[in-house]
Amino acid sequence: MSQLFYKIKLQFIILIIFASLPTFAQLHNTILNDQANIPSIHQSFLELENEKNHETIIKPLIDPKSYKYVELENQLKVLLIHDPNSEIASVALDVQAGSWNEPNEYPGLAHFCEHMLFVGSTKYPRPDYFDELLAKGSGHSNAYTDATNTNYYFEITSLHLDKALDTFAHFFIDPLFSQELVGREKNAVNSEYEIDVSSEDWKIQNLFTLFADPQHPASRFSLGNNEVFKKKGIEDALKSFFQQNYSSNLMSLVIQSRINLQDMERLIKPFNHVKNSNLQPPQFTGFPYQFGYLCKYKTEKEQLTLNWQLKGREKFSHQKPIEFLDYIIQNGNLIDYLKEQNFIISISSEVFMEESSFTNYMMEIILTEKSQQKEEAVAEITKIIFNYIQKLEEWLQDDEYINQTFKEQSKISKLNFNYLTEQLDTSTMARILNRQKPQEVLSSEFIIDNLDKDLILDYIQQLMNTQNLIILIGSNQYSYQNEKVDDNQSNKQFLQDKVLNEKNNLYRIVYSKLKFDEHFINFITKQDEILQNMFEKPQQNEFIPNNVELVSLCESQQSQLPKIVHSDKLKTLDQQSKLNLFLMAGQDLNQYSDEQCTLEEHKYQKQNHYPILLNKEQQEWWKSQTSYKIPFIFGALQMKYQKTLTLRQFTSLRLYNFMADEILSKELKLPLSSGYSYELDMNKKTQIKVYGFSEHVRNFFKKICSCLNPFREKSKSFLELNQQKRFEIAKQSLLLSIKNMYQDNLFEQAIEIYLPQLLQKDSHNPKKVIEQINQISQQEMFQDVRDIMNNVQYSSLFIGNIDQTEATQLSDEVQQCARSKESTLNDNEIKDKIQIINLKGKNLIDSKLIESGDNDDINGVTLNYYQIGQRKQMNKALMKLLEPILNQQAYNYLRTDLQLGYVVAVELKTTACVDGALILVQGSTEIPMKVNLIIDDFLDQFQVYLEQMNNREFQHLKHGVITELKEKPQSLSEEGDRLWKYISAGTIEFEDRQVAIEEIRKISKNQLIEFYRNSFINNKSKLSLQLYGQGMVTQMMNLETQSEFNSFISNTKPEDVDLFDPLQASYYQCDFEATQI
C-alpha cells in the first residue's frame, strides 16, 4: 500500500532471497543476543568470531544492535531488534501463503487479500485508521504478494509503535472483508493491474507465466483485475482464503526500534491472538516452466535475454553456487570479448524469480546496432556464452584454482557482512526468518563458508543443458499477424522472420515461440577451441583489504583535532562566515597526554556533526568518522560549470559520461565486486561519488580519474584508446537510455521528463538531445568537454577512516581528475543564474497525449505543482509539517475512497531556490482534467480537516516530524550523502535540520492553517501537468488525432484556468540551489 513518491513499490514484486530450508526453534525456545560487544579501534574483523555459536544470532562484528528471538505460544516466530541509534521503528510480518495458494477460479485472490488487510479490522474498523496513525508518526507502509509468501511492513516513530503494533496485529486477528470495502478496494487492484500491464518491465515476467506448465500454479494470472473480482462470491472467497492459508505457525514477525528488548517483548502480546490453525504450507516440486525455446516478443525496450531454470538453492545458502559462478562470469573477460566483437553494449546478470524447488539465472543483454541487424547474432552470442561456461568447467576442475577462488569469495563475503556494506531491512529479515534457522537470519544472504566442488560442477552442467534455457528476443520491429506458425520452420528462419503469431489479451503481449531444433543446439553447444583460448580467468583481486584498522588522529601525522562546531553558532552566519569558521578549525593535540588525547578524540567522534574546510579556494572538505567502526571512506568530487550548457554541450557531456562508464565497468570489475561502489553523473554538473575500503580507495579513485580526464595524453588515458568504437557505442547507449525513459510508467515520465522542462528554463528536452546525438562528431564531443572543464568550480569531501594529511593529499589528487594545466577560474566572472518558472497568481494546465504505441494504455496522470515561493526557512518547516498528513489524507480520499488510481502521493518539491509541493495521481477511472478538479475539491476538504484537528493531534504530528528530523545517519555512506548535499549545493546549511526542528516547535496550528490556505487555496500558484495514455484518449474519450485532443482540452478546461504557454512564462533568477531535508 505504497505512499512513497519517486519509487512506488508495486504490491506484487519478486524479491531475490538467499535462504536455507526452514528449521524453526521449538516452542518457547528463546535465543538472546545481549548488547553488542563493539571491537576495539585496532581489532581485525576478518573472521566471524561467533560463527559457530548456535545459541546466538550470527551478526556483524560492528553491529551495535541487540537481538532476541522468541516463539509465541501460537508458534508465531518473532525477532526483536534493539537499535539504540534510530528514532524510527520498522516492522514486518511474513506469512507463508501467496499466489500459488489461491483457487483457480479467483486468480489474484492472494494479492486482493493483501490489499484488504490494510483497510480495517473488527477492533479498528475505520479504513484509514492505520494510514492516519502512520502519518502522525511520520511513517509509511507497503506490502507485496509473492508466489509462496506475502509480506507486510511499515515504519513509524518509536513513540507511536505501541498503537501501531496493536493495529497491525489485528490485520491478522480479525480483518474485515465487508462487501462495501471489497467493492471499493478491487478498483485499486485493477488500477495496479492497468499500470503493470502497460509497463515494459513486466513483459518478461508475464511471458514466464505463459511458458509455465498449465497444471502448475505458476501458470495462473496472479495480479487480479475487475474481470476476476466481479464474480459472485468474492467476499466469501476472500474470507475462505484467509482462514485456510493465514495461520500463526506460518508467520514470522520482525520488529526493530530503540525500545529495549524487554519492553518490546511486552508490545508483541497482541500477536498471541493470531489464530494457529497448525497449517502446513503446500510443497511445490519440480520445475514450473517449460523451456528449451526461442521466443520473440514485441517491446519498446530492445534486448536479448538468456534465462536458465536451475535447481533450487535454499539448502545451499552456505555454498552459494550461483553467486560463486556469477563472480567468475562477471570478472573474467567474457563481457569484454563480446564488446570487442561489437556484439553487445552491456550485459547484466541476476537471479530472477525463485522458490525452494527452482531458481532462474538470467542474463540481460543490450545489443549493438550491428547485432540488431544481424539475424545470426543471437545464435553467435549464445554460442560464445556456452563456450565460456565450458571453459569455466575446465578451470574449476583444477583444485588449486577452485580453492583460490573460494577463499577470495569467502573473504569478500565475510568482509561485506562484518562491515554492513548492505543492511537487510525488516521485510527481508521476516521472509528469511520464515524459511531458515533464526541464527542465520542476518548472515545467510552474505556469507560463503563452504566449498562444494561437486555442487558447483553440477550447476555448470545445468547451465549447459539447453532444455533449461529460454532465449527471449525483444524488439519493436516485430509485427503481429494472426497466422499459424509453420511447424517445419527452422530456428534460423524463425529468427529472421519479423512476424509474431500469438497474442495474449490479458497481459497485452504479442509473441512467437519455437522449440530449439537440433541444428541450433549443435551450433550453440559445439566446443570451439580457438574461441575458448581467447577466454581468461579473473585476475587476482588486489582490492580485497588486508589492513582494516581504524585511523586514530592521536597517532597520525596530523596533530590537529577538528573543533566541535555546534549548530547554534551556524544559524546566524552567512555563507562566507561559515566557511571561515570551518576553515582549518582545529586544536593542538600535543597539549594532551596519550590517554587524554584518546578521550578527546572519542568525544569528537561522538559529538561532531560537521566536516572542516581544508582549502577554501578549492572547497576541499574532510571529516574523520570512525564511530561506525568501519574501515571505509566516502569520497565525492564536484565540478560545477560557470555557464549554462548549450544543447550540444549537454549532449556531449552525456556521451562522454557513457564512454567513461563503459571503460570504468571494465577497469573496476574486481573492486566493484568487493564492496566498492562509484557513481559518475555528468549532467548539469559533474559529480563523482566513491565508497569503499580505506586501504585501496585512493587507487580506486585514481582509476576513475585516469578514465575521466579529457586533458590527458592519449598514451595515458584509458578513455581515448579505441575511442571511435567507444564513441559509437556511447551514442547507442545514450539513445537507448532516452528511449527507455519514454517507456517508463506515465507517472515516472511526468516526474523525470516533462515537469523539469516546465519548471526550469535550461532543462533540455530529451527528444532534442536525440536529434543532437547523430550530429556530433567525436572530435566535437571532446572539444566541448574540454571547453566546459576548463571553467569549473571544484568542491570535494572525504569522510570516514582517513586523517587530515591523507585527506589533503587525496583531495588535491582527485581535483586534477578533469583539470588542464592551463585551466583557470575567474572568481569575478559572473555565473549564469538558474531560471525557475514564476507561477505567482497563475493557474495553468499543460496537457499531453502520450503516443507510446500501446493503444490499450488507458492510464492518465495528473501531477499538480503548487509553488510556495522562494526559499524561506519557515516555509520549509511548515511544508515539512504539512507533508505527512496531506499525503495520508490525499491517499485516503483520492485512492481509497474515490479509487482514482493506485498511485497517489504528495511530496515537497524544491527546484533551485524555489519551494513547491506536488500532488500525483495515476489511474484509469477518470481523465486527468476531471482528476485536477477533484484534487481541488479535496484541498478544500483538507482545510476543514486541519481546522478540526485538536491540540493533542497537532502536538503528536509535530513530535513525529521532529523525531524524523532528529534521526541520525545510520551508516557512513548515508552521513556522507547528507553532508555532500549541502556542500555540492554550495549552501553549507549543515544546521538545516536543527533549524527546521526549532521552527516547527514554534509553529501554531493557526500558522499552519494560514500557510496552507495561502499555498493551496487563496493565492494559488499552480501548474497542472496532465498526461493522457493513448488508450485513454482513443477508448475513453473517443478521440483519434492530436488535433482533436488539443480541441478537447481547449474546450473543456475550467474558465479560471489558462493553457501553459512557454513564451508567456516569467522566471525567478536563482543564485543558489536550496536543498530538501
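Using the three backbone atoms N, Cα and C, a Cβ is placed for every residue, glycine included.
TrEMBL lists 77-194 with the feature domain 'Peptidase M16 N-terminal'. What TrEMBL lists as domain 'Peptidase M16 C-terminal' is 236-394. Residues or ranges marked as domain 'Peptidase M16 middle/third' in TrEMBL: 426-570, 590-770. TrEMBL lists 881-980 with the feature domain 'Coenzyme PQQ synthesis protein F-like C-terminal lobe'.
Mean per-residue pLDDT, taken over the domain 'Coenzyme PQQ synthesis protein F-like C-terminal lobe' (881-980), amounts to 94. The domain 'Peptidase M16 middle/third' (590-770) shares more Cβ pairs under 8 Å with 426-570 than with any other stretch in the list 236-394, 426-570, 881-980. Broken down by DSSP into helix, strand and coil, the domain 'Peptidase M16 middle/third' (426-570) contains 47 helix, 24 strand, 74 coil. Each residue in the domain 'Peptidase M16 N-terminal' (77-194) gets a DSSP state, and the totals come to 52 helix, 30 strand, 36 coil. Residues in the domain 'Coenzyme PQQ synthesis protein F-like C-terminal lobe' (881-980) partition by DSSP class (helix H, G, I; strand E, B; coil) as 63 helix, 19 strand, 18 coil.
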